[in-house]
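Chemist: This structure is in C-alpha cells; I'll ask about it shortly.
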Amino acid sequence: MSNYSIKNLEEYFQVYRKSVREPENFWEEVAEEHFTWRKKWDKVLSWDFSIPEIKWFENAKLNITENCVDRHLLTRGEKTAIIWEPNDPEEESLHISYKELLERVNKFANVLKDNGIKKGDKVCIYLPMIPELSVAMLACARIGAIHSVVFAGFSATALATRTNDADCKMLITADGSFRGNKTLDLKGIVDKALEDCPNVETVLVAKRIDADINMKEGRDKWLQPLLEEASSECEPEIMDAEDPLFILYTSGSTGTPKGMVHTTGGYMVYTAYTFKNIFQYKEEDVYWCTADIGWITGHSYILYGPLANGATTVMFEGVPSYPDYGRFWEVVEKHKVNQFYTAPTAIRSLAKRNIEFVEKYDLSSLKVLGSVGEPINEEAWHWYNDNIGKNKSPIVDTWWQTETGGIMISPIPYVTPAKPTYATLPFPGIQPALMDENGTELKGNQVDGRLCIKFPWPSMARTIYGNHKRYKETYFSAFENKYFTGDGALRDEVGYYRITGRVDDVIIVSGHNLGTAPIEDAINEHPAVAESAIVGFPHEVKGNALYAFVILKETGESRNQDNLRKEINQQISDRVGPIAKPEKIQFVSGLPKTRSGKIMRRILRKIASNDTSNLGDTSTLLNPEVVDEIIESSM
Ligand code: PRX
C-alpha cells in the first residue's frame with residue numbers, strides 16, 4: 001500500500017488511523033515517497049500551540065519549483081503543464097509544456113534578479129489570470145522571493161494596504177485585464193495605489209489589452225522585452241523547509257486584512273498530497289479549477305498542488321457568463337476536462353439559466369466535481385450532481401481556509417461516500433474537534449459546536465505577517481491548545497462533518513471572505529455618515545449578501561437618499577472593492593446596542609433576513625425602542 005495514493009475505503013481508514021497514531025512517521029513516509037529534497041529533515045515536526053510555533057521537516061532543504069517543474073522534465077517534458085484559456089473563446093488557448101514552463105520561469109526569475117530582487121524580498125503580484133501570473137509566482141519561488149498575490153479585482157486602497165503591510169519592493173501588474181465584455185484599467189489602479197506605497201521601487205508591466213497607459217520613468221518597465229532578453233537558465237535557490245513561500249491576505253472580523261504566511265516544505269507536501277487524492281488525479285487527466293489565483297484555492301489547487309503532481313492544470317481568464325452562460329461547459333468539452341472544481345455561488349448562478357446552456361456540450365470526460373468556499377446548499381448540490389455530473393461523477397465538497405493552506409475535510413471520490421451538503425470526513429492527518437462555548441470538547445456523534453483542529457498539519461499558516469500576537473489571539477486563544485477555525489460545524493450520526501457557517505463577523509459573499517470592519521470603515525468615512533453596521537443575509541445566488549444599516553449625521557439627514565446610497569457604494573468600491581457593495585442600504589436613527597456599547601448584530605441579521613418574528617432576548621439592549629423603528633422602516 002502506498003500512503004501517497006489512497007485507493008479504497010479500507011485504505012482510507014488504515015491511512016487515517018496511522019496519520020493520527022503516528023503522525024510523524026506518517027508524514028515522513030509521504031514526504032519521502034513523492035518529493036525531491038536537496039537535504040532531508042532532522043526532525044519531522046516540532047510544535048507548541050501556546051506560543052504558537054509550528055515547524056515541519058526542520059532543516060530540510062528544497063526548492064518548490066524543482067518539485068513543481070524541473071523534476072518532471074525527465075518523464076513529462078513535453079506534457080502540458082498549463083492550459084491557458086483566454087477570456088474570449090475566439091482567441092487561441094495556449095498549451096505550456098513542462099519544458100517551456102521551466103524556461104519561462106527561469107527567464108522571469110532572471111528578470112526579478114536583474115531588478116534587484118533577492119531571497120527574502122517581498123514581491124506584490126497584481127495580475128489577471130494570464131500565464132504571467134503563474135510564471136511570476138514560480139519565478140519568485142525559484143529565487144526565494146516571497147510572493148504576495150493580490151486579487152486583481154481589489155481596489156487601489158486595498159492594494160496599497162496589502163503592498164505596504166507586506167513590505168513589498170516590487171509590484172508586477174498588467175496594462176489591464178479582460179473580464180467578459182469589459183476591460184479593467186489595472187495599471188490606473190496600481191498608479192493610484194502606489195501614491196501611498198513609497199517602498200515600491202520597480203513595477204513590471206505585462207502587456208495584455210494593449211491599453212495606452214502611463215509609464216512612470218525610472219519605476220515602470222514593460223515585462224515582455226525584459227523576458228525576451230533574459231537567460232533561460234536559473235539555478236534554484238536552496239530554501240529551508242520553513243522559509244516563507246508566500247503571503248496571502250484574508251479578511252478578519254476586525255481590523256486590517258491578515259497576511260497569512262505559508263512556508264515551503266509542509267505546504268508543498270500537503271497541497272500535493274491532497275490534490276492527488278481528493279481529485280483522484282491520473283497521469284493523462286486534465287484538471288480545471290475555476291478560482292482566481294488571487295485566492296488560496298488558486299495558489300494551492302491551480303498552481304502548486306497540481307504542478308507538484310506533474311498534472312495538466314487549466315487556467316481560465318474569463319467569467320462563467322461570457323460570451324454566454326455555457327462558457328464553463330464549453331471549456332470542459334473543448335479541453336476534455338476530467339476534474340472540475342468550482343464554487344457554490346457559480347453553480348447557483350448557472351443553475352438559474354436555461355438548461356440548454358449545459359445540454360449543448362459533451363461533458364462525458366468529467367470524473368470528479370469539486371465545490372469550495374462556502375456551504376453548498378442542497379438544491380445546488382443536486383443540480384450539480386444531476387446536470388453536470390450526470391449522477392456518475394462524485395462531488396467533493398471541500399472545506400478549508402486560506403489559513404489551512406490545503407483541503408481539510410472532504411470526501412475522497414470513489415473512496416469515501418459523499419453526502420449532500422456535508423464535507424464528510426477529515427483528510428489523513430487532520431484531527432477535528434467540536435467545542436462547546438465553555439471550551440469543552442463535544443465527544444461522540446450527533447453534536448454541534450465550534451470547529452477546531454487539535455494537531456498541526458503540514459500546510460498550516462505559521463504566522464500573520466508582522467503580527468504574531470494577532471495570529472495567536474485569532475486562532476489559538478479561543479480554545480486552549482487548539483486551532484480555532486471561526487466556523488461552526490456538526491457531526492452527524494456516522495461522524496460526517498457539515499460546516500454550518502462562520503461564528504464570527506466574517507461574511508462569505510459569493511465565496512469571498514469579507515470582514516465587516518473594513519466595509520463599515522469605508523462607509524463611515526463618508527462625510528454624511530455617523531455610524532454603520534454591516535450584516536449578512538441569505539441570498540439565492542451569492543449565498544450571503546450584505547445589508548448596511550447607516551446612521552446619518554444631522555448634516556447628512558437632509559440629503560437625497562438615493563444619491564447618498566450611490567456615494568456610499570462608490571466609497572466601498574474604491575476602498576474595499578466592488579465585491580463588498582451591499583445589496584441594501586437602510587438609513588436608521590440608531591443601532592441596537594448592548595450596555596457595553598457593542599452592536600447586537602444578531603438582531604440586525606434577523607431584520608436583514610426579514611425574520612423578525614422571534615428576535616430573542618433584547619432585554620440587555622440600551623435602546624430597545626430603536627429595534628421597532630428599524631423594522632418598520634425596513635419594510
Ligand atoms: O467558512 C468557511 C468557508 O470559507 C471560509 C474560508 O474562506 P477563505 O479563507 O476565503 O478560503 C476559501 C477557500 C478555501 C471557511 O472558514 N468555506 C470554505 N469551504 C467551505 C466553507 N464552508 C462550507 N463548506 C465548504 N466546503
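Just so you know, glycine gets a Cβ as well, placed from its N, Cα and C.
From TrEMBL, here are the annotated features:
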type	residues	note
DOMAIN	12-68	domain 'Acetyl-coenzyme A synthetase N-terminal'
DOMAIN	73-457	domain 'AMP-dependent synthetase/ligase'
DOMAIN	519-598	domain 'AMP-binding enzyme C-terminal'
Chemist: So how many of the residues in the domain 'Acetyl-coenzyme A synthetase N-terminal' (12-68) end up helix, strand or coil by DSSP?
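Modeler: Here the numbers are 27 helix, 15 strand, 15 coil.
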Chemist: Helix, strand, coil residue numbers for the domain 'AMP-binding enzyme C-terminal' (519-598) per DSSP?
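Modeler: In the domain 'AMP-binding enzyme C-terminal' (519-598), the DSSP-based counts are 27 helix, 28 strand, 25 coil.
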Chemist: For the domain 'Acetyl-coenzyme A synthetase N-terminal' (12-68), what's the model's average pLDDT?
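Modeler: When the pLDDT values over the domain 'Acetyl-coenzyme A synthetase N-terminal' (12-68) are averaged, the result is 97.
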